[in-house]
Amino acid sequence: MDIRKFFGVISSGKKPVNETVKNEKTKASEGTVKGKKGVKEAKVNNSGKEDASKPKQHSKKKRIIYDSDSESEETVQVKNAKKKSEKLSLSYKPGKVSQKDPVTYVSETDEDDDFVCKKAASKSKENGVSTNSYLGTSNVKKNEENVKTKNKPLSPIKLTPTSVLDYFGTESVQRSGKKMVTSKRKESSQNTEDSRLNDEAIAKQLQLDEDAELERQLHEDEEFARTLALLDEEPKIKKARKDSEEGEESFSSVQDDLSKAEKQKSPNKAELFSTARKTYSPAKHGKGRASEDAKQPCKSAHRKEACSSPKASAKLALMKAKEESSYNETELLAARRKESATEPKGEKTTPKKTKVSPTKRESVSPEDSEKKRTNYQAYRSYLNREGPKALGSKEIPKGAENCLEGLTFVITGVLESIERDEAKSLIERYGGKVTGNVSKKTNYLVMGRDSGQSKSDKAAALGTKILDEDGLLDLIRTMPGKRSKYEMAAEAEMKKEKSKLERTPQKNDQGKRKISPAKKESESKKCKLTLLKNSPMKAVKKEASTCPRGLDVKETHGNRSSNKEECLLWVDKYKPASLKNIIGQQGDQSCANKLLRWLRNWHKSSPEEKKHAAKFGKLASKDDGSSFKAALLSGPPGVGKTTTASLVCQELGYSYVELNASDTRSKNSLKAVVAESLNNTSIKGFYTSGAAPSVSARHALIMDEVDGMAGNEDRGGIQELIGLIKHTKIPIICMCNDRNHPKIRSLVHYCFDLRFQRPRVEQIKSAMLSIAFKEGLKIPPPAMNEIILGANQDVRQVLHNLSMWCAQSKALTYDQAKADSQRAKKDIRLGPFDVTRKVFAAGEETAHMSLMDKSDLFFHDYSIAPLFVQENYLHVKPVAAGGDMKKHLMLLSRAADSICDGDLVDNQIRSKQNWSLLPTQAIYASVLPGELMRGYMTQFPSFPSWLGKHSSTGKHDRIVQDLSLHMSLRTYSSKRTVNMDYLSHIRDALVRPLTSQGVEGAQHVIKLMDTYYLMKEDFENIMEVSSWGGKPSAFSKLDPKVKAAFTRAYNKEAHLTPYSLQVVKTSRLSTGPALDSEYSEEFQEDDTQSEKEQDAVETDAMIKKKTRSSKPSKSEREKESKKGKGKNWKK
């Protein structure tokens, strides 16, 4: 059978007569096929619950819906045929109907003459013997022949039959749910007598059936696609469901039927399935129906239950059964893999056909699509949701101090009387912590309107307490106060330090007592001598005078030390004394410990490995850095890089020389410093041992702020530093802030890379609160959080801010600390790409930025910021548009107008030097476009293309100016005329001989160039200027051999030009004051020599050199003869 007819894709014509003859041959085996077909029907009806529940009339009329264009004509013929057949029916009585009826619904056409053929055939049977419709001479036969002759041209299409098995494959046909159409056609034959009663009823029924069929097709497409997606899983589910033997028998009978059909040829297959799906006469259908009901009573009952069940429950059951079966299959596969892993290779006989579970199809299930749809709708509602409706209506309670400390909160949705940020600051004010996602550590979920479904589901699964807005306020109101754990830790640390201080004086006193007896004996001897010499009164006075002096000295020393400590800054006062005290560097794999191990093993590693590393850089590097001669510490300021380097050197006993940005680090100064540091000895060695210490190798060089080596002061410093690293005999420690700086990229390959990260807020907070407790400064822990975040986690900046605020008052509240930290917020330098991203960014990042903050983005680099905005505003999807293209275009238009206004202001600033208009330009060029197009960028910010185009415009203008000057003696025209009228023709004249003649055309081109006084550079410039952008020039398409021949021919000859060929060189006479005198003298000598060479006559191209003849001239001979005579006369 044709698969296109099976699905009703095209309108089929009348069945040809040959097919009816073929069907007569297959009628003998029709009984057996019917039995199997009944089993198939039962199986299909169980799977296709949706189609079975529909009325039976619609399926019958499907043949009429896909009718040809001549429907009106056929209906008239049907009416006449019916009237004649009714007259004949009076004389004939139908006898027993035989099953071998060749006209019983054999035709596959969609026309109404099927009914005529059926009725006429039934009337022509007498005494149980069927008369041949082609041999009889009755009126019915005449009517049949008239109808056939009229309808033959309506079905001229001959279609090659295609089997369902060939189209879908054997497995798909076994499990196809679309065979429900055949059973419905059989059932619909019972209702044919009702449609014959009245012609008007037939027309009305046709119209109704057309509408019903269209609706059914609309709903059937989606179901058909889903059944195709679930074809491979359905049979397994039905096997699991059916425990009765009848289900197994039906499935096996279907398989037997299919195996028989496969043995035959493809046309036989088509006939077999076409006869199986055709309907037959009412009497025969009644018998077949009764036999089916008798054979399969349980399946008919099961079919009724399936028809009564709703669609949704059936689909859910199918999906659940499918998931269970796929899960069981995966478990079985995993178990088989484990067994096969334990078995030897010879026993691995598991077939690969078992791995048929379609994982990709499960991801495209209806549940997943529904989830995606709901997530999309939730996100859209999140973007469009309203703010608090009763803002400020509820009184915010005042809770106890640190009442929420140790509790973690998550806020979701919109709170009605308070903003989200205010709720977050309220929780943090009382010591609580607010996170973004629900986890096991979350104590409370504060839920508002339009809350997130995933957070609420996760909180319910983890057993997290859910609060509303009132519940949060009641919790703050009722929770008791707590003492901060940071204060308790600071007190414990203070007690430990006091106990240490109390123990240390006792040790000193014991040491003094041990040493004092020898001194006392010497002093007693002196006292005796003085007593003998002097009177006792004098000795008493001396003793009395010496004792108070010693006391005064101790007191003054203590007072001086206390005064010095008070004068010190907190940064120096609480500077770490050991590596353990550095914040954020306590771990074993921290950068401080890595540097310590690297420096300890620096002299142990062989110099060959270090040379190899210096040559090949990253390729020879190791995790411990043993192959590097230098280390590079990079990270943000205030994280302890310099402190780490100095403490590591002190701990290992290295003496170090530090060069920072305040020192001159040029090429010569680096040589001198390194040479001195290699030969120097520390003065500390003279005190430890009496003799002068020998020169040791335990020296180190610390180069701080390497990325700041620029300008005339440090010219050549980076290259000299790299050279020192290659040949150094001492370790070098370099430090920088920006590791991605262009100057550092070459240095990175020769250094052990150690990247410092900012410490966490908790690490900094505990150390700062202990320092504040020692200084008597009362700061609540939430206020300390704000101070640390305001300083961008810079430990040095936090200490400076604390010392400054402590000078005013010894207590800080949360609000005061938050306000002060915002005012003292550290300014961070942003690049142009970061500025552009922030100008158009939407969300929390820019939600609280004021107008001044937005205009400050413009002032990061006011010369290039407008260009970045103009280049990237087209790549932003604005939130205000909401996906509407018309609104998007309106916003683009307004942003473009604002950028144009900003350009007009910039023109006024540059032309009239009116720099007071810069804030106005900031509003037009940055703030307004950012507000209009605030949204999400679809790509990384791109560099302004205007800069490249402006540069190429200037270059081309300069080239055209030079060309017009060189050709002025021939063209006598302006620059514009040369550009528009001459260059294109000159280009063609220069390239055409080379393309047509090849190497031989080079001389012709050179002659033309000499005519117009053009140089080789002018030739290349003409090719560049006269070709359109992006397209290759005509000269570039030439053969390389021709180009080389042209270049050689041009260089052989001397070319005279009416203009001077001056080579512009940068004069180095005006050197900066930072250069040494030796270098400046060398530069001056080089410049004078170059000037003399330029002024020499021999080097001038316009003067022709004289060729010296081989014979000497007369004057030269006379001079030589005079010289010879003088020599002889002297002798």
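Cβ coordinates are placed from backbone N, Cα and C, and glycine is handled just like the others.
The annotation region 'Disordered' is assigned in Swiss-Prot to 14-87 (among others).
Among the features that Swiss-Prot reports, phosphoserine is placed at S68 (among others).
Annotated phosphoserine per Swiss-Prot: S70 (among others), in sequence order.
What Swiss-Prot records for 92-111 (among others) is region 'Disordered'.
The phosphoserine annotation in Swiss-Prot covers S107 (among others) and rests on a large-scale study or a structure entry.
Summarising the annotation, Swiss-Prot assigns phosphothreonine to T109 (among others).
What Swiss-Prot lists as region 'Disordered' is 120-201 (among others).
Annotation comment: Swiss-Prot describes S155 (among others) as phosphoserine.
Residues or ranges marked as phosphoserine in Swiss-Prot: S163 (among others).
Taken from Swiss-Prot, the feature region 'Disordered' applies to 225-378 (among others).
Marked as phosphoserine by Swiss-Prot: S244 (among others).
Marked as phosphoserine by Swiss-Prot: S250 (among others).
What Swiss-Prot records for S253 (among others) is phosphoserine.
The compositional bias 'Low complexity' annotation in Swiss-Prot covers 308-319.
Per Swiss-Prot, the feature phosphoserine maps to S309 (among others).
The feature region 'Disordered' is assigned by Swiss-Prot to 491-525 (among others).
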| query | Can you tell which of G635, P636, P637 has the most other C-beta atoms within 10 Å, given these are the binding-site residues? | reply | G635
| message | Among G638, G640, the binding-site residues in question, whose Cβ has the most other Cβ atoms within 10 Å in this structure? | response | G640
| note | Long-range Cβ list for K641 (ATP binding site), cut-off under 8 Å, min separation 6+ in sequence, same chain only, gives L633, S634, G635, M735, F756
| Sparsest Cβ surroundings (other CB atoms within 10 Å) among the binding-site residues V639, T642 | T642
| query | Which are the residues of the chain, G635, P636, P637, G638, V639, G640, K641, T642 excluded, whose CB is within 8 A of where the CB atoms of the ATP site average out, their centroid? | reply | N737, F756, D794, R796
